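This report concerns only the one structure given below.
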Amino acid sequence: MNVAVQSRVDRETIGVARKTKAYVALTKPRVIELLLVTTAPVMILAQGGWPNPWLILGVLVGGTLSAGSANAFNCYIDRDIDRVMKRTQRRPLVTGELTDREALVFAWIIGVASIIWLGVISNWLAAALSLAAILFYVFVYTLWLKRRTPQNIVWGGAAGCMPVLIGWAAVTGDISWAPVILFMIVFLWTPPHYWPLSMKYRDDYASVNVPMLAVVRGRAAVGLQTILYSWATLACSLLLIPVAGMGLVYTLAALAGGGWFVYETHRLYDLAVRHEPIKPMRVFHASISYLSLLFLAVGIDPLLPF
């Protein structure tokens, strides 16, 4: 492993505002935003209309704490490789804005708080799913899969699918086929979302011996896999139509958004096999827009009379 030289801050000069900002950064808020995009629409679908606004707000708060805890544990565990990878050298455990102990205590506090909070404001099934998401992300993905297999993001990505189950369970108190399909949509979407990012930062991952698919197989193999998973995502999204009785808005969003996503993955692969310059982040950003559009339609469709 290469050793990067770090510029660590003097902890005695860190004020309250900067310390607070460091704690927020530890939770990876941009990742949390993407996770929460799926939660509220699923709650609307589960209710068949608007749930209690306070329930939506409460579940979003609980989901933020849960995901933040998992991400904070991840930062603590991966602090050794974060000090080497260029894209992670501004994280608070690398810069010294937070100590290892502060990060670990914080992760435990907000994790426990998320479980209790969700149990109290919704139900204990939602709380149990929150606990399962944290444990899976920390132990299965971060500690077991991430540094061992190129399929790390495939199976580890299951933790990022849990918000749809949590949102559904918070409203209905159970799990049916509709949330399972929604779970699978996010599960199948995750690899073609994340693998292009790993293509851009291939050298970063290689420098710390993390066997991302782009590191061990190359960009053509990544391009082909993104195609396969994007088609699977599109097909799975269409299954929701008969299962949940989705209407015209969702159907159009699934077809148009899914078709666009598939096109972008094909374009990435075509450029890769021709050894032409590629822009993997184009697929990365397209995947975010696609998922946001799809789940926006999930939330809008039950509110319409047609």
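Each Cβ is built from the backbone N, Cα and C atoms, and glycine gets one as well.
Note that this is a predicted model, so its numbers are computed, not measured.
Taken from Swiss-Prot, the feature transmembrane segment applies to 31-50, 55-77, 104-124, 125-145, 168-188, 218-235, 238-258, 286-306, supported by sequence analysis.
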CB contact flag for the transmembrane segment (55-77) and the transmembrane segment (238-258), at least three pairs under 8 A: no
When counting Cβ pairs under 8 Å to the transmembrane segment (168-188), the leader among 31-50, 104-124, 125-145, 286-306: 31-50
Folded-back contacts onto the transmembrane segment (218-235), same chain, C-beta under 8 angstroms, at least six residues removed: 185, 188-189, 191-192, 195-196, 198-199, 202, 254, 258-259, 261-262, 264-266, 268-273, 278, 280, 283
Contact set, same chain, for the transmembrane segment (286-306): CB under 8 Å, 6 or more residues outside the stretch: 34, 37-38, 40-42, 44-45, 47-50, 182, 185-186, 189, 192-193, 196, 237, 240, 246-250, 252-254, 257-258, 260-261, 264
Spatial neighbours of the transmembrane segment (31-50) far in sequence, C-beta under 8 Å, 6+ residues away: 56, 59-60, 63-64, 67-68, 71, 160, 163-164, 166-168, 170-172, 178-179, 182, 186, 244, 288, 291-292, 295-303
